[in-house]
Amino acid sequence: MPYFIENHVIRALSIFFRQAVLYAVYALATLFAPWVCLRIGAKWSLFSGSLLFTAYQLGFFYLNSYYFYLTQALMGIGFALYYAGQGLYMSEHSSRSTLTRNSTLVSAIGQSSMLFGGIALAIISYVRQMSTTDSEKTADLTDDGYRNFSNGEIHVIYGVLLGFTVLSNIIFALTPTKATSDAKMDAVEKTTLRTQLGHLFNAAREPRIFLLSFFFIFYGLHVSFWLGAYPTSFAFSKILSANVYLPAYYSAMTGVGNIIVGVYISFFDKRYPNFGLIPTMITQLVLGTITFGITIASTSNLSTIQTNDDRSMWIEPS
């Protein structure tokens with residue numbers, strides 16, 4: 001949800017360069033995050049990641065470019081710690097038979113933040129529309145007639161996000177940990193960062209892992225497009241920027257989609273062994289192809305990188 005807001009908040013900076021900083025640091029941090037996670041435990045890895053997210057949200061109350069880019073890097077580290085901690089926590093509290101189900105449920109619940117974020121943004125937008133005069137609404141538009149976000153809206157939006165993040169900090173700090181025997185702890189302590197990196201690079205040389213790397217690359221491009229590049233068209237397309245509820249709707253529907261997929265996999269995985277692999281990938285292939293086709297047909301050219309009033313290829317948005 002924050003991505004399309006940042007286009008108006010930091011006009012002098014490139015949102016895509018911001019993404020590059022975030023993803024680059026995240027990629028590097030994943031190399032040492034598992035080692036850190038084993039040292040401090042799953043619980044405090046989750047807490048540390050959430051704490052770094054909090055630092056990012058705080059920046060929008062006193063925004064400047066230095067703090068903004070610094071927190072992008074910190075959030076990249078936060079993502080790495082969070083996902084490493086999440087994976088370890090699930091493995092500690094799951095059996096072989098429940099790991100797929102638990103992983104799917106955790107993913108669905110985590111992605112529901114998009115749904116709740118969209119609902120919160122819709123409420124904020126509605127209250128703003130009802131409480132402002134026509135002249136104030138006009139002031140929210142740029143000279144070219146594009147949608148702009150007032151400082152008040154930005155503070156309210158990120159205040160809500162900050163509140164949820166602080167709440168998550170408290171939850172992670174109070175999360176129970178699974179007791180581990182001294183023998184297992186001793187084995188963990190003997191593992192060095194160099195050893196873990198060696199295991200990582202050895203695994204990367206495996207033929208099957210090498211083939212999977214192409215899927216991982218696609219997944220990275222896929223996520224960065226749908227959560228970073230595509231939402232900018234809501235602000236940069238003149239016909240779309242006038243709809244103040246569109247970002248909220250997009251965020252909410254993204255959350256709904258993730259929840260549906262989580263329930264879908266969890267339901268059928270109980271009845272069909274290994275349903276979470278090939279059938280899920282085929283489902284993603286079909287739906288992804290349809291979605292990309294509709295996006296190409298309904299999005300005007302260059303609308304993800306600059307403001308324009310161009311017509312789309314085939315389907316005119318309304």
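Glycine too: its Cβ is placed from the backbone N, Cα and C atoms.
Residues annotated as transmembrane segment in TrEMBL: 20-37, 66-84, 105-127, 156-175, 209-228, 248-268, 275-297.
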Problem - Among the ranges 66-84, 105-127, 156-175, 275-297, the one whose Cβ pairs under 8 Å to the transmembrane segment (248-268) are most numerous - result: 105-127
Exercise for the section: Go through the chain and flag residues at least 6 beyond the ends of the transmembrane segment (20-37) whose CB is under 8 A from any CB in it; none is fine as an answer. Expected result: 45, 69, 72-73, 75-77, 79-81, 83-85, 88, 191-193, 196-197, 200, 220, 224
